[in-house]
Amino acid sequence: MASSINGNGFITTTVDELLSWGRRNALWPVTIGLACCAIEMMHAAASRFDIDRLGMIFRASPRQADVLIVAGTVVNKVAPMLKLVWDQMPEPKWCISMGGCASAGGPFPTYSTLQGIDRIIPVDVYIPGCPPTPQGLIYGLLELQRKIREKKVTRYEKAFEEFKKDLSPELLNGVGV
């Protein structure tokens, strides 16, 4: 967190930095595991790699999640349901495309396979591989945290516009925090 400690031991920061810190260190992913990438995702959540140590708790409901991890092949019949899950997630939300199938349709593109989930929902991080390793997923999640910290995810700013309207200008500029 970009903050400073003054002579009295208080930390001063801005509201945006505080919200960014909280968001990036408490990501709650909902998963769409459609193929072999889902096995690697489960492996990343198990005791050897323990994704929970990064502050991530998998959620079963999209209404309680802020990160969508799509792992595996998305066929055209599943695409509307994937869009529905994305629309049910509250803002700010982010998406990770895990594996070659979710990112580009897989090694054998067919008429029934969606050629990348970025055709229907915005993707923030792509994780390559067939299937990607658990280390690859963890690296992708750390990259998402870095993007949130550096505010390279534009939907993040849009999500707090209503919140910022209710605050006084002094708080928004970091004075009095």
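Cβ atoms here come from the backbone N, Cα and C positions, even for glycine.
The candidate list Cys95, Cys130 contains one residue that Swiss-Prot assigns to the [4Fe-4S] cluster site with Cys36, Cys37, Cys101, namely Cys130. What surrounds the [4Fe-4S] cluster site, by Cβ distance within 8 Å of the Cβ centroid and not counting Cys36, Cys37, Cys101, Cys130, is the set Ala35, Glu40, Ala71, Gly72, Thr73, Met98, Gly99, Gly100, Ala102, Gly106, Gly129, Pro131, Pro132 from the same chain. In the three-state DSSP scheme, Cys130 ([4Fe-4S] cluster binding site) falls into the coil class. The 10 Å shell around the Cβ of Cys36 ([4Fe-4S] cluster binding site) contains 15 further Cβ atoms across the protein chains shown.
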